[in-house]
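To start, the structure under review is shown below, and the notes come after it.
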Amino acid sequence: MHSFIKASTMALVATVGLPSVSHDGGRVGEARVGEAQLGAGLSPPAPTPAKSAGPLFPTPDLQFPGGGGPEAAQPAKPQPVPAQRMAAASAVDRAPAPSAPDGGKVERGDKLKLGFFETVDLGGAQRGWGDPQGGLRTFYQRMDLSGEYLVEGNGGLSVPLLGEIHAAGRDLDDLRSELAASFAAVTGRSARIDARIVDRAPVYVVGPVRNPGAVHYAEGLFVLQAVALAGGLGRGADNPSTLVEGAREMERLRLANLQLDRLTARRARLEAQRGQSFGLLSSDGAPRAIPIADDGQPPPPGSAEPPRDGQSLGAAESAILQAEQARRRSHEKELAARIDAARNEVEAIKAKLDQFEIQREMRAERLDTMQKLKDRGVDTSDHILTLRTELADIEARRQDCRVTLVEAEARLAQAEDDSGRDALDYTTDLAKEIAAVDKDIAEAREAAGSAESMATILSGFVGPGAQPHYEILREGGEGVAILPASETSPLKPGDVLKVK
């Protein structure tokens, strides 16, 4: 009876010491189980005693017949342990640590499932049992630390009690080792860590695909698989609305380019009006076509005209320029005529004023002579009166002429001022008009670029020979990098696949 009780107790302790096994076959805990000396004829190695702070679960004292302890019991016949149990215990002890299901590295945005299994030593030898196995080891899960964790954007993993640990770009084995070391440093106990990736950041597909958006990431995902998960390429031939939209955008592009040509020719004409002519008139006075450059600026003199369908617009603007120059010349001639007339009037009034001055001097001399004759006794009263009257009339006319001269000089100054102000206003108006045309050109270019982009997107995959182009936008330590890709380029969690 004593032998039966002792054998049962040792079997129970050996069973408790076996390690637990996770659902995927990986080992989550390790127990160093010595070779059980439960059978006769076996040669087990010397057991290695394990440090223990005492058993986790107290074992009640067993009662033996006769009131003695286990050392008082009669020696029992050793019972052999089945070979299957010995092989299983040895296999579990040699089992490798679990690895990630996908075998990849941890990335930003990954969701990890961590299991913390604290090591507990059961010291059977401390109770005075004569068990050659010494202490046994078992594990229990720390539910306060176990759970699912998200790798943050900075690559860190925040675990309660352990703090933040950098996880991005590391293998799971490396991460397990650091978690175990941190656990031992904080709690003073050893533990086995189960770490698995349960979810990863999606891959985002944008561009002409049927269902753009996020697709689930799986290990080994490459570009063509991501496009297939997004519904495949959105062929225009399969969608009539895409063809209609593409034709509409092509028409908008054509109108925008036509408007751009018109504005470019108009700007060249305005520049020529401002005095920066580029040979717009030939030697015989006939208008030449205004060349239109691709950048919207007239080319320098002597440059070859680009082969663009804008020569008719240039010819029309050249004709407008010729008419505008003729009108401007006529207006300038009119202003010059006004100035010449005012200047001639001033000169004529000055000459008339000089004549009045001569007549006044002559009348004054004659009056002086008559006055001398009167003083000598010659009766010249009538002549003196007549001369004084003529002299007063000449003086009045002379004063009127001086007033007329002042008015003529004012008209001359006004004409000259009008000419200068007209030239300044003309130049200012041209500058304002050129600025407005430049603004319209910028808007037309933006509209043309937008229409071209939309037309390319909508009609780029209509033909059977059209080939898509791929780019991968990948976030790294130095920001987002744009990587050229092919159909077989591998993808990483969080990548943005751009289809063009």
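For all residues, glycine too, the Cβ spot is worked out from N, Cα and C.
Among the ranges 164-191, 220-247, 332-359, the one that TrEMBL lists as coiled coil is 332-359.
Here the coiled coil (391-418) has Cβ contacts under 8 Å with residues 335, 338-339, 341-343, 345-346, 349-350, 352-353, 356-357, 359-360, 363-364, 367 of the same chain, all six or more residues outside its ends.
Residues belonging to the domain 'AprE-like long alpha-helical hairpin' (253-451) score a mean pLDDT of 77 in the model.
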